[in-house]
Structure formats: C-alpha cells, structure tokens
Amino acid sequence: MEYRNNVTEFILLGFSQKRELEFLCFLLFLLCYIAILTGNLLIMISITWSPLINQPMYFFLSYLSLSDLCYTSTVTPKLIVDSLSTKKSISYTGCMTQLFTMHFFGGIEIFILTGMAYDRYVAICKPLHYTVIMSRQKCDIIIAASCVGGFLHSFGQFLLAVFLPYCGPNEIDHYFCDMYPLLKLACTDTSKIGFLVIANSGLMGTVIFVVLLISYAVILCTVRSYSAENRRKALSTCSSHITVVVLFFAPLLFIYIRPATTLPEDKVFALFYTIIAPMLNPLIYTLRNTEMKNAIKKLWGHIMGSKENRLKGFPAFHHTAS
C-alpha cells in the first residue's frame, strides 16, 4: 500500500499546555538564551581579539562557541515564541530544515570536541612535537573535517525523514523536530529506518565517546609520571573539556543509543544538549582558566577605554550667566 504525504504542518506539544507554566517557561528559556548569546559571543570575541587565537586549544574553543550559538539558535528562539503561542505549529518545510540544521551544527560540535581532545592528548603525551603536530594548517583541517562530518551526518538524518509519508496525526510530542518523534508519526513501517537512525546518531556518538574516554585514559596514565605541580596543570586543562563532553554526550546517548522509541523523559534530557550545555560551556571554560579571564578583562578594558575616549571627544558646554 502506498501512502501520500498530506501533512503540511506539525504541531509541537512542547513542555506544558498550562498557561501559567508556559509563561514561566518563556521567562526561563529567554533568560537562558540571553546567557547563551552573551557567554558564547564573549568567548569568541575575547579569543579572536587576543593572542590566544594562535593557540590550538583556544582556536577550537572559539569555533565550539560558534557552533553552540548556531546549534541552540535552531531550537531555542522557536521554543521561546511557542511558549506564548496558543498554536505551536511548524511547517513541514520548517520542520525538515530544523532537523537538518540542528543535526548539522550538533555534528560539528561533536567533531570539534573530538579535535579538542586530540589537542589535549598531543599537548600532554607528545609535548616536544606539539607545535609541529598541531600547526595552524592541521587545526584548519580539523575544523573543515568537522563541518564535512556534520554535513554528512545531518544529510543522512534528513534523507531518512524527508522520504517518510506523514498522513496524520501531526502532533509531535516534543519542542522541536527530531527523528524519533517523526518516526512515530510516519504512516509506514519504520523499524528498518529506526536501525539506520541508531547507526547514524547513536553508534556515531557512542564510538566518538569511547574514543574520547580512551584518549583521556591514556592522558591519565601519562601524567602519573609527572611531578605533582605539572600533573595539576595538565589535569586542569582537561577537566573543563571532560565536564563539557559528559554534559553533552550523556543525555545524547540516552536518547539515540536505544531502539527508536520516544519517552516522556526525552524532552528533559534534550534540554541538556540543546540549551543547558551551550549555556554552561562559557562558564566551564572560563571559571578555572586564567588565560581566558585575562583575555576577557583586556577586552572589557579596551571597550571601557574606547568609551571613555569617545566621551572625551565631546565638546564641553559651559553655562554662561547673562
């Protein structure tokens, strides 16, 4: 039997149908998005306008902040608007576009995190060859490969979703368009496609997560021979990255590594990698990082100094008594 796709829009059920809770969600997500924009833009500008941009770790961090911004912006603004909307609808084209862009920037973020782990591995395990291995050309290649990897991943997800027939109902029990909720609405057998989704998202995430764990296990073995002071310095550069990796990967694997089913908890876990992780990343990378703190202070000093110079440029007006 052939099915036709007669769905032109989807209804996003979101988190709650109660108006008082929806307004609370609006305020909460709005504040989170402002924090995401402020924190990640501050990281990007501080690194770009300082010598830190020449260090591979901060070069990758600036691109991680950019991917965080783009990634969360595919979901959060729509979520904020929907919190005050009676009808939380998204067009079929908008849904597929959101699915593609979200997995594209999410894939880029995963690969950049992998590149950052490789940078820490080389810095600690092969310090004498660090400048040769992690040249600017190598860093550019890693960023380009991250974009290609993100595109291939998201294009695969997009193809799986766009060729499915949707005959109705059209209510998505989520706050954004994702594969598992869409598979639930498809009016055809999606068991084989579900396995492909697991292979594309779950398996890819699991393999990368295991590689990251192995790299940090090697790092821990290496630093055992260091002095206490050098061991503390080496581990301090990795602790922030490990925190970000766990915060991003743990909920991601919970959702995508299991069979293609939707659970009520999925929406809460999805908050971690769509909103909470992009919001906390700037704090995690700056609170214990002296170089980032200094770069931000210099940027702030430059901004305030420029402001004072502009104010000095205004002519003084003197009141003369008649």
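Cβ coordinates are placed from backbone N, Cα and C, and glycine is handled just like the others.
Keep in mind it's a predicted model, so treat the numbers as computed, not measured.
Summarising the annotation, TrEMBL assigns domain 'G-protein coupled receptors family 1 profile' to 39-285. Among the features that TrEMBL reports, transmembrane segment is placed at 21-49, 99-118, 139-166, 193-222, 234-257, 269-287.
Same-chain residues lying 6+ beyond the ends of the transmembrane segment (269-287) with a Cβ under 8 Å from its Cβ atoms: 29, 32-33, 35-36, 39-40, 42-43, 61, 64-65, 68-69, 71-72, 75-76, 102, 106, 174-176, 178, 240, 243-244, 247-248, 250-252, 254-255, 293, 296. Across the candidate stretches 21-49, 139-166, 193-222, 234-257, the maximum count of CB pairs under 8 A to the transmembrane segment (99-118) is reached by 139-166. Cβ atoms under 8 Å from those of the transmembrane segment (234-257) belong to residues 57, 109-110, 113, 116-117, 120, 123-124, 180, 197-198, 201-203, 205-206, 208-209, 212, 216, 219, 223, 226, 266, 269-270, 272-273, 276-277, 280-281, 284-285, 288-289 of the same chain, restricted to positions at least 6 beyond its ends. For the domain 'G-protein coupled receptors family 1 profile' (39-285), the model gives a mean pLDDT of 89.
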